[in-house]
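Have a look at the structure below, then the notes.
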Amino acid sequence: MNPAHLLILAAVCVSPLGASSNRPMPLNLYQFKNMIQCTVPNRSWWDFADYGCYCGRGGSGTPVDDLDRCCQVHDNCYGEAEKISRCWPYFKTYSYECSQGTLTCKGGNDACAAAVCDCDRLAAICFAGAPYNDNNYNIDLKARCQ
């Protein structure tokens, strides 16, 4: 093997990109995280990633409380956005602004971006207004979400 090719192969194998076990989150979820941090600055966005039956991946059963209902509505909102041609909510980026806890979806977003931005904006506002119950974090989904 050519020494130059060997050097390139070694560089790729030990690079941060090749060695990372953490996959980057889809860009839209990064924006949603930032929206949550805008409206609920005193709580980590991770607190919402595994809450109740609907906050996080998937969702089933009856929401356990108002905060979980916010996530159910958000899931349904993404479902509606997916009906727009070539709209993939988890990957669609959009333009928005956060100013002193107020979120605004900016003009210039296409139909998909506008819909996804509004889904995320409304969910982040809902999170800010719903009580957080530590007992509903990381619950047994099989037992409580049927």
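Backbone N, Cα and C atoms are what each Cβ position is placed from, and that goes for glycine too.
Disulfide connectivity taken from Swiss-Prot links Cys71 to one of Cys53, Cys55, Cys98, namely Cys55. Just one of Asp75, Asp110, Asp118 is listed by Swiss-Prot for the same Ca(2+) site as Tyr54, Gly56, Gly58, and that one is Asp75.
Per Swiss-Prot, Cys98 makes its disulfide bond with Cys38 among Cys13, Cys38. Note: the CA-CA distance between Cys145 (disulfide bond) and Tyr54 (Ca(2+) binding site) rounds to 9 Å. Residues near Cys119 (disulfide bond) in space but far in sequence (CB under 8 A, at least 6 apart, same chain), listed by position: His74, Cys77, Tyr78, Ala81, Pro89. In terms of C-alpha distance, the listed disulfide-bonded residues Cys70, Cys71, Cys98, Cys105, Cys112 place Cys71 closest to Tyr54 (Ca(2+) binding site). DSSP assigns Cys55 (disulfide bond) to a strand. A gap of 18 Å separates the Cα atoms of Cys117 (disulfide bond) and Cys55 (disulfide bond).
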